[in-house]
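In what follows, a structure is listed as structure tokens, so that the remarks can point back to it.
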Amino acid sequence: MGARASVLTGGKLDQWEAIYLRPGGKKKYRLKHLVWASRELERFACNPGLMDTANGCAQLINQLEPALKTGSEGLRSLXNTLAVLYCVHSNIPVHNTQEALDKIKEKQEQHKSEPKKPEAGTAAAADSSISRNYPLVQNAQGQMVHQPLTPRTLNAWVKVIEEKAFNPEIIPMFMALSEGATPSDLNSMLNTVGGHQAAMQMLKEVINEEAAEWDRTHPAPVGPLPPGQMRDPRGSDIAGTTSTLAEQVAWMTSNPPIPVGDIYRRWIVLGLNRIVRMYSPVSILEIKQGPKEPFRDYVDRFYKTLRAEQATQDVKNWMTETLLVQNANPDCKQILKALGPGATLEEMMTACQGVGGPAHKARVLAEAMAQAQTATSVFVQRGNFKGIRKTIKCFNCGKEGHLARNCKAPRRRGCWKCGQEGHQMKDCKNEGXQANFLGKGWSPFKGRPGNFPQTTTRREPTAPPLESYGSQEEKSTQGKEMQENQEKTETSLYPPLTSLRSLFGNDLSSQ
């Protein structure tokens, strides 16, 4: 089957490439969008050959439309592409995707308002009326017959379960594959799942609960039914356990119809949601962007978890607008807040595309260094020094206010530390400054040695002496008497030596 790049040719291709992707945007549709759409249809087990005609595009749109509300962005983009392609095939002039969607919506409303033609058996009436959803198709006689699911559809469903297990993306896949199916077809899809029997048992319990609720809200009529009237389906009939395929088709095609297939499919989706929540226990509140994680990967994880959340579409929209920005890393959060609350997802991803790369890291580092230098200069200018500033002094001339490298005086020879020539101060091996013979430090360039007497002129007090009173005279006389007594005692104990004869015998100096 492959990617169909030859869906449009000639003038239709020119018309296709003239349509804008968004209202007021600059990007237009290209041939690569057709190739992508055909591959996506193959992935959803749909026939890409239907893209060649307007009727085929309408069938694909009708099949994908029920899953658009809970589908991903890729599924919505596929439906938008098919809508534009339908307008090109039908020669409906449109300028962008939104106009194409509006045209299709208007056409569907007009078709619903038209009265049904009584001659349903003719070929013209069959072509003019919208065909029933697959697998209920209309034969040549105008009768609705059942066409079972193809093995290819069942194989696609089994592969999704094997590859994705019960990730959130299996729900829109199930919705796309089971569109218009009868309860018997849905049971065939469930029976093809070989593994995950615990999940299948949970699904059966949910179906039984919904069937019991149906029986409670739709009680059976009392008494026998009139001849020719069909009985109302019970919960087990909707689940396909107590009803035949003919009864299911009759209920779905009666007037008014009873969509037992859609009801049963809704029950299965409820059970799949519970299983997905069990297999994916991560809450949307726990999805946060890592410091080095690209914004694109973070958005993928966010929407994957959001799909498994059991909430209405309004709540999911609020989560997207609030949590997507709140749980981003600081770099992306700063960019997203600058965009404003009305930014689209495309604008967010474009703005945060380079975050985390080498260029962004270099820019952030440069800004941080510039801020640090600015803060340092402001700190110096304001003079926020708590301690006393140390005055700088030149080693060359000895003056204060500048350093030796900025000194304008002639450069002095020798070491600035010890005064000797032959080496510099950085290579000086002397422990201290040059010392004089008294061991005191002495600069050889100015000043004088420490052994010179340092005379300082001190001012003597010029105040008159204190007046003496009687008590002070008594104290002074007592002090003098005590001193004289002490001197007499020392003289009596240690008589003065008048010569050295008592110590050395004959005094040599006296001879």
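Residue numbers in this text run from 1 along the chain shown.
Just so it is clear, glycine is given a Cβ too, placed from its N, Cα and C backbone atoms.
For 105-119, 472-490, the entry in Swiss-Prot reads compositional bias 'Basic and acidic residues'. The annotation region 'Interaction with host AP3D1' is assigned in Swiss-Prot to 12-19. The annotation region 'Interaction with membrane phosphatidylinositol 4,5-bisphosphate' is assigned in Swiss-Prot to 73-77 on the grounds of similarity to another entry. The region 'Disordered' feature in Swiss-Prot is assigned to 105-128, 440-511. The region 'PPIA/CYPA-binding loop' annotation in Swiss-Prot covers 219-227. If you look up Swiss-Prot, you'll see 16-22 marked as motif 'Nuclear export signal', on the strength of similarity to another entry. Per Swiss-Prot, the feature motif 'Nuclear localization signal' maps to 26-32. Here Swiss-Prot flags 461-464 as motif 'PTAP/PSAP motif'. Residues or ranges marked as motif 'LYPX(n)L motif' by Swiss-Prot: 493-503. Summarising the annotation, Swiss-Prot assigns zinc finger to 392-409, 413-430 and lists sequence analysis as the type of evidence.
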Is the region 'PPIA/CYPA-binding loop' (219-227) packed against any residues at least 6 beyond its ends, judged by a Cβ distance under 8 Å, and which are they?
234
The motif 'Nuclear localization signal' (26-32): DSSP-derived helix, strand, coil residue counts:
2 helix, 1 strand, 4 coil
For the motif 'PTAP/PSAP motif' (461-464), what's the model's average pLDDT?
62
For the region 'Interaction with membrane phosphatidylinositol 4,5-bisphosphate' (73-77), could you work out the same-chain residues 6 or more beyond its ends whose Cβ comes under 8 Å from its Cβ atoms?
40, 64, 67, 172, 176, 303, 345
Please spell out the DSSP helix, strand and coil residue counts for the zinc finger (413-430).
3 helix, 0 strand, 15 coil
